Amino acid sequence: MESSETSVYGAALAGGSFDFMKFIKQPQTVLRILSWVFAIVVFATITAEGYVNPPDDFHVMCVFNKNDGACHYGMGIGIIAFLACVAFLMADIYLPMMSNAQERKHVVTADLVFSGAWTFLWFVCFCLLANQWANTADTKGIATDAVHAIIAFSFFSIATWGALTYFALMKFRQGVGELAQNLAESPPDHTSEYPTSYVPPDHNSSYPASNYPSFPSSRSDIYQQPSFTPKQEPMGGSDYQPPAY
């Protein structure tokens, strides 16, 4: 079964060497790197420019309509996305070296579920930050360029994570289809006592001569009638005549 599992879930060269140039040119790798960069921009910009200190207050406040929840949400989504991109990049490197189809299935399924979830969460983040910024009345002392960058890269993250979800879904479907095909085309069991073409003879029909070994013709004479058969003598002597009535 191991040989039939080496070409499913995007791992056609299971156990082979890692090709860095081929890996870095894959669309999925490019999308992960872009998602990683976008996540850094979002949470790093919120950390650096997302809070201001009003003149009449000693406490810092979020630039998005003084809603600390909006800043915390954007930072949390960005940090988790940053860590997830690193983890899935490592998984993409290790995936072609896996020889077990079930392990590959778990990795691809996790990628599909997480990418789909973070596509939705980035959409919520973009809508939340854009709405709170539109409702912000006092923009004095706020770096508007940084705010616009946070909102823009939140939107870009929706596109990259949506594309990652699509690629993960295609890989999952391809893996399921290839696994089913490999199971259907599995080789016959050569350890069986009888060949695969053997069919038990039917007493009501003749067995095909091509599948049944013919008996040697040199021994056919053992079934012939013996050339000498002793003559049986009648009982009571040879001059016995039956009585006439």
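Cβ coordinates are placed from backbone N, Cα and C, and glycine is handled just like the others.
Please treat TrEMBL annotations as automatic predictions, because they have not gone through curation.
Positions annotated as compositional bias 'Polar residues' by TrEMBL: 203-230.
Feature annotation from TrEMBL assigns domain 'MARVEL' to 23-173.
Residues annotated as region 'Disordered' in TrEMBL: 183-245.
Residues annotated as transmembrane segment in TrEMBL: 30-52 (among others). For the transmembrane segment (30-52), the list of distant contacts is 24, 60-64, 71, 74-75, 77-79, 81-82, 85-86, 88-89, 92, 125, 141-143, 146-147, 149-150, 153-154, 156-157, 160-161, 163-164, 167: same-chain residues at least six beyond its ends, Cβ to Cβ under 8 Å.
Outside the transmembrane segment (72-95) by six or more residues, the chain places 9-11, 18, 23, 26, 28-29, 32-33, 35-36, 38-40, 42-44, 46-47, 50, 104, 107-108, 111, 114, 118, 121-122, 124-125, 128-129, 150, 154, 157, 161 with a CB less than 8 A from a CB of the stretch. For 72-95 (among others), the entry in TrEMBL reads transmembrane segment.
Sequence annotations record features per position, and here TrEMBL assigns transmembrane segment to 107-134 (among others).
Beyond the transmembrane segment (146-169), the same-chain residues lying 6 or more positions past its ends with a Cβ under 8 Å from any Cβ of the stretch are 27-28, 31-32, 34-35, 38-39, 41-42, 45-46, 48-50, 63-64, 74, 81, 108, 111-112, 115-116, 118-119, 122-123, 125-126, 129-130, 133. Sequence annotations record features per position, and here TrEMBL assigns transmembrane segment to 146-169 (among others).
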Model confidence for the domain 'MARVEL' (23-173), as mean pLDDT, reads 93
